[in-house]
């Protein structure tokens with residue numbers, strides 16, 4: 001290969017790796033490994049049986065899992081003062097440590113730990129998800145601010161698919177062994193973060209004409225991947241697969257997951273040509289032309305971000321909606337309080353349903369393979385909910401000024417239907433409930449993250465979006481640990497009493513019948529409905545804001561950057 005040609009290829013490779021699109025591709029992979037918490041319904045039965053827990057104890061573990069997954073304030077504050085690579089490495093180490101210790105406990109390689117220690121393990125491992133979110137999602141939103149709805153939908157969509165993706169991988173690598181799934185959750189997400197840790201960073205925003213088109217290509221690929229996973233999930237429950245078949249299915253899933261890279265490389269090739277890099281000026285054959293600086297990295301951390309504000313600044317002299325709020329101004333605003341209530345009701349009820357899905361199927365007499373189908377279907381429709389709320393809310397907002405807050409109200413009302421299908425089950429109703437709950441659960445997160453970025457600005461987004469979901473673990477604790485778990489155990493004890501047995505007579509407390517979750521899910525549906533009413537108040541408060549052009553300043557910034565770069569190139 002001629003020297004000039006090989007040098008040209010090296011230039012282009014360097015351009016791709018340093019570019020915004022490759023950074024986004026790395027974010028896709030990291031987010032695709034950051035949804036291990038949604039697999040709790042698959043491996044929770046293994047924890048319950050191997051360690052002899054009752055349902056209340058298992059729900060307590062579920063709460064600490066949700067607590068770790070949603071309390072991301074530390075990762076947000078850390079991201080304000082440290083580079084992205086450090087945030088991702090901290091998350092990778094936490095993920096491996098927490099889930100590896102859970103795997104050690106389940107397979108009996110260490111003495112059975114106390115319940116509080118297991119709670120710490122799962123909280124520690126689940127908290128790593130916030131570091132992936134903060135490092136990958138926040139950086140990507142800042143790199144593509146005008147397409148944040150589409151972007152958040154895609155990124156959180158891949159997180160929603162991660163449960164089904166990792167299920168295919170663990171079947172291919174370890175076979176049908178739920179304990180080994182915990183081991184895969186321990187090492188795989190950590191490895192992805194370490195491999196791509198230096199490619200994810202904040203860059204100057206440059207206007208690109210094909211940006212929306214590229215996102216729709218990624219959407220099409222992601223939908224094909226989701227449909228493939230859904231088909232494989234259903235087929236694997238009805239057809240006995242060989243190990244080679246599992247390997248083939250996992251290979252196809254990974255190929256589809258990597259397909260966006262080809263789209264991004266093509267886009268970078270266009271950028272490369274537009275900058276006249278492929279045909280550089282003639283130079284001496286004995287000298288190598290310098291590699292031009294295609295991307296300007298601007299990942300500077302201001303250690304004075306958390307400055308003190310006066311009482312008037314915090315409560316009276318707040319910025320207009322859409323401008324950059326300080327952390328205290330945002331957290332102590334009425335808008336954030338309403339979001340907190342809606343999140344408590346919406347995500348709290350959804351997380352409770354997700355964590356109990358395995359036991360719900362068991363109580364209604366479904367076989368183990370069918371219960372795993374419920375969990376996988378919920379994961380896949382979780383993805384469709386995220387994609388829908390991201391892309392559809394963005395399109396409705398841009399074209400019709402349809403507020404995202406109203407979309408959140410509609411999603412919460414939809415979740416009420418899914419919860420009532422579990423409270424009053426009929427033949428096959430859990431299949432429908434899994435789809436509805438998965439869809440509505442997935443749709444809430446992109447809406448929440450987008451609304452926070454739009455109302456309070458991007459300057460402190462790392463901290464604010466993590467603070468915004470703090471209501472989720474609180475809702476999970478009250479609704480799951482204090483309501484659903486005890487009501488289930490009470491019904492299970494009634495069953496034992498009818499059989500003339502006591503709690504000490506059995507190792508595992510199990511309830512069978514439609515009555516097991518009826519009362520609990522009637523309460524959950526009522527709470528979700530209250531959350532929908534609360535979000536309507538936010539719709540009224542933000543109606544004027546969403547009628548305006550919320551992306552105007554970002555377009556102006558991109559145009560200014562483009563003009564500055566053009567001026568520099570002409571000199």
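Please read every residue number as a count from 1 along the shown chain.
Placed from the backbone N, Cα and C atoms, the Cβ positions cover glycine too.
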When TrEMBL marks a stretch as transmembrane segment, which of 430-449, 450-469, 470-489 is it?
430-449
Range annotated as transmembrane segment - as stated in TrEMBL, picked from 305-324, 405-424:
405-424
Among 128-148, 212-232, 275-295, where does TrEMBL put the label transmembrane segment?
212-232
Which range is transmembrane segment per TrEMBL? Of 63-84, 151-172, it is 151-172
How does the model score the domain 'NFD4 C-terminal' (331-546) in terms of mean pLDDT?
89
